[in-house]
Amino acid sequence: MLTRFDVRSSRVKGISFHKTRPWVLCGLHNGTVQIWDYRVNTSVDKYDEHSGAVRGVDFHDTQPLFVSGGDDYLVKVWNYKARRSLFTLKGHMDYVRSTFFHHEQPWIVSSSDDFTVRIWNWQNRSSLACLPGHTHYVMCARFHPRDDIVVSASLDRTIRVWDISSLRVRKQQPGIAQDLLGTSDVGLKYSLEGHDKGVNWVCFHPTQPLIASASDDRTVRVWRISSTTCTEEVQLRGHTNNVSCVVYTKDYLVSNGEDRTIRVWDVKTRCSVMLFRRESDRYWMLAALLEKNLLAAGHDSGVHVFKLFRERPASTMNGNVLHYVHGNVLHSYNMESKTESKFSLSRNLHPPLTLSCNPVDNMAVVFYDKDGGCASTLTIPKPGCTVDADVKKRLGILAALFYAPNKCAFLDKNKNIILCNAHGDGEKVIKHEKNLKALFPGPAGYILRQTEEGMELFHVAQQSVAAEVPITETKYVVWDKDFTKVAFLGITTVHVMTRRLRSITFFSEPSIRIKSAAFDEQRNILYYTTSDHLKYCNLRNGECGIIQCLPSPIYLVRASGDTVWALSRNGKVVVMELNNPELNFKLKLQQQAYRDVIKIIRQKQLRGQALVGYLHKHGHDEVALYLVSDPLTRFNLAVECGAMDVAKTAALELNQPALWRRLAEAATSYGDIHLALLAHTKTGNFHGASFLSLITGNMSALDHMVNTVRDENFGLHYGMYLDDAHQRVKTLTNTGQLPLAYVAAKSTGLDELAASLLEKMDPDVAERMRQTEVKVRLEAPTVTPVTDNWPMLQVEESVFSRFLREPNLLSGAGVGIEEEEYAEAGAGWDDVDGLPNSDDGSGGLDGVEGSEAAEGDGWGDDLEIEIPAEQTAGGVEGAPYVVPTERPPLTQHWVETSSFPAFHVAAGSFSTALGLLRRQIGLGDPAPLKTHMLDLWATVNASRPSWLIPSAMFPLTTYPSEEQRGAASHSPLLPDYIPQLTERLRSGYSAFVGGHFADAQLHFVTALHQAVFTTCRGEKQFTTLREIVTTASEYARALNVQLHCRSTDGASKLSLELSLYFTHFKLQRNHLALALGQAMSKAYKLKNLKIAASVARRLLDQDPPKQKAAQASAIVAEAERNPTDAEPVDYDERNPFVLCSVSHRPMYKGTVDPIRCGYCFSPAMPKHKGEICPVCRIAFLGADCSGLANRT
């Protein structure tokens, strides 16, 4: 059984699958109807209008409807889009047992404990027919999938077949009289007797004239129906209690019952081929979705959706030939000739899990994972032949594959690797201390081994581990064609790595399963499929996208460019030619193939704001401008890329003050003063406009604004810069500042105006002003206005703008865009002799040979100027100056090419560093890392102070060695944190011994945080760092327990338990002795002598001081006399356990599967998934992550 969905609820009495959506409808015993999405394991909706148990539910095939019947005697029709009940059909007088829609007609059939079967018309909401005749409860009634018959099953031990063909032609008249008395339009066709007890369920075969029934006599019976008779054909026995339900699948009959089992029957052999059992739940209902080979079973505590067999064909590539197994047939498909050969294999109930081929011979090993595991080694015959009868089988095998030419490897049930040749000779057993879980193929001579700790690349000949990575959940492994990259596929995650198992990228699908993957043989792309989509991942930057939807799941086997080969679930090879302009556009953009980018834009194949956001994010705003028409979006993009004319057009169209203010700032920064003045004027920001007029010397514009704006403060402030004394005196006079107006007039030689101002003042004030000495103001210098825009850099025109402005450039053949100007010039000089003369003589050379004759004497540029030799190699005279393109800073190279968070921090790109940490360690709370990030950035970056200009910042880098100088780039000069980390551990040890537990914990946690940004330059440093992180994590966990223990009552049971748990951490010998002494003392004080003696014996093994040894010996002696515990505690030292880092409760082996922190690997109970780890305080518990990248 392959369980797809399992949920806990009340007892499930009715189940139905939706035909197209991934939904299952459940009727519960508590009166609730639920819809579950079994693909993403979530509840879609819930309905609570029934007042009793809901026993019958069914989805309509085409309409958004479902029907339900319950113990309240009602049949209800619901609309799940409107999320409400549409109407209720009343007529039954007892519990309704089952309800089903007709596949074509607007009919519903229902069965009831009132001994009747009713057929309803749900369109006019009336009863069509009432079928009496049963003498006991009618447990089930169903329509035939094609014919006009109904079958019903009753506790009166009979099965009745009814003919309803008259209902198709009879027009229903309104009224209920016939419903009460029954109708003569429906006649009884057959009455089947044979069951010894009541019949609980009945169903039709989807294609054959068969009926299956389930009964309380513990049998399942199959009946063959014909035009004249219906006879019992097969009787299936095996259930040990009442059989509740039975359904047909494509090849088998499935039943369940109150004996807590599901049985799969082969009708041909009349035996049970599969058995599934639940320990405490009785089964009540079954439903089948034949299109997807799904089954659903309802039991006492919920429902689960499952499949009987694996539908993924086992396959492998051998050169250009695809070998795969489907339906006990071995297929060989040649991808070049598109021919296929088929060979029959021995019959197996379960399909194989893996298929591996010998790379130099037509041999294959087929592995079946059922019945303890079995591997069959066989020779693939030539077309037209059968499989060789000499098939060698091995039992008790957990994995099988070819790891080199003519060499096989098997994983036996003892977790040992057995090596032999292709014929099974020369066996050699390799025993391992680690618990191996599976084997996967690798490069020639290598095997990928899956252990409980991760994946290992194992060199078979040397029997050594070449590389390892902590990825524990791996279902499939996919290599590229050259075995240089590998993808580890989990249920919802994909880790892409190099051959040396160094991370390239990591991505996940949080709500859907990943089915398969294949590397593109031409591009750095990984294609992968989910249940519903074909997707891609760009391995260069980790970006993922959807290519197309899939009507049914497929399994990729090969990809080359835009061609993908895949296998379907029905064993067919699917060749898909992809049309994915989005992926091609992104790749061409990364490769700077600008000609192809422009062509894709002109073809108008791209749509959507997501693509515009992508271009903006990656700095291609000028490209995004040609893909959007929304004026606001165009304005934002134009401001970002400096297209001021486009921004102005969009701002005039929108005419919003906020946009004008932003445009004014952008125009000022780009030096477009005219546009900035316009933008300031549009928003009424006269201060900004006046300031620009002032600094550019445009005094006329400043004078106009001073005279226009009705603001005395504004006029006085900016009027000071104008040589207009009358205006200044007038402003001061109007504001009542007569003394200041007098001084202004006097200083500028306006004596008459000054005298008139004295007359307006008080006599005392006027007298004081006459006595005040006023100096004549010097004449202001003449300002030279600069009314043009500020000088802007004459940079080279954007290639996108040039191509869109000159479409004929797109038709140039064979010339790359990057070399366009030089290539065209070179072609012209080389072909000068072959150019034809034009009719007017202006385009030809008049027969003059050689390139020197291309220019005549009449140009008037024959100046007698001696040019220095070093200048003759310069550019063309008179050509415009092109500013050279600025190379990106070195820090940008670190961000774009490195997956080390420390490199991103050194470059100052904190956001991308945190993004890497989220993918690598499951970062949840970055706040504790802030100080370390700032310290690292300050350490790597240096400042060169300057006097008149801003100080210059530059990063400190390493210098590559001579052998790496051509390929390697400069790396940041990161500090060596390992000595600091070692010193922190020593400080933590000292605080631990001194009993300062809070200080000790701070040291260890700080060491964990600083280790995040520590890089290793070799195997020795990497091993040291890993030991430091492991030790700091272990001590931090232990101190959390100790601080929890100190916060409780010392004489309490909880305090004793925590002190006992404290002794099971991996501490140093002297530290463990302290922990054991504390636990021994607490146990002895609480009269738990048996536990105290056990701890004392452990303490004696640590060679403690004499005083402690004497106390321990005395406790052991006393416990031998009285081996009792006064108070039981939750502690069993003989049962291995790990301690939950959150609740500090033990998780004993075999009882719970703990989750781990993504960084420090601290264990916790699964219910704490998604919480911040209390040990390292930065990462999520249970996060899917690829592991910290810190090894250079």
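Heads up, the Cβ atoms here are built off N, Cα and C, so glycines get one too.
TrEMBL lists 5-46 (among others) with the feature repeat 'WD'. For the repeat 'WD' (5-46), the number of residues in each DSSP class (helix H, G, I; strand E, B; coil) is 0 helix, 26 strand, 16 coil.
Averaged over the repeat 'WD' (47-88), the predicted model has a pLDDT of 94. Summarising the annotation, TrEMBL assigns repeat 'WD' to 47-88 (among others).
TrEMBL lists 89-130 (among others) with the feature repeat 'WD'.
Beyond the repeat 'WD' (131-172), the same-chain residues lying 6 or more positions past its ends with a Cβ under 8 Å from any Cβ of the stretch are 94-95, 97-98, 100, 102-103, 105, 107, 109-113, 115-119, 121, 124, 182, 185-193, 195-204, 206, 211, 213, 215-216, 223, 225, 230. Summarising the annotation, TrEMBL assigns repeat 'WD' to 131-172 (among others).
Remote same-chain residues near the repeat 'WD' (192-233) are listed as 136-137, 139-140, 142, 144-145, 151-161, 239-248, 253, 255, 257, 265, 267, 290 (criterion: CB distance under 8 Å, separation of at least six residues from the stretch ends). According to TrEMBL, the repeat 'WD' annotation covers 192-233 (among others).
Marked as repeat 'WD' by TrEMBL: 236-275 (among others).
Look at TrEMBL and you will find 345-567 tagged as domain 'COPA/B second beta-propeller'.
What TrEMBL records for 597-747 is domain 'COPA/B TPR'.
Under the heading domain 'Coatomer alpha subunit C-terminal', TrEMBL lists 817-1189.
TrEMBL lists 827-860 with the feature region 'Disordered'.
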Composition by DSSP (helix, strand, coil) of residues within the repeat 'WD' (89-130): 0 helix, 23 strand, 19 coil
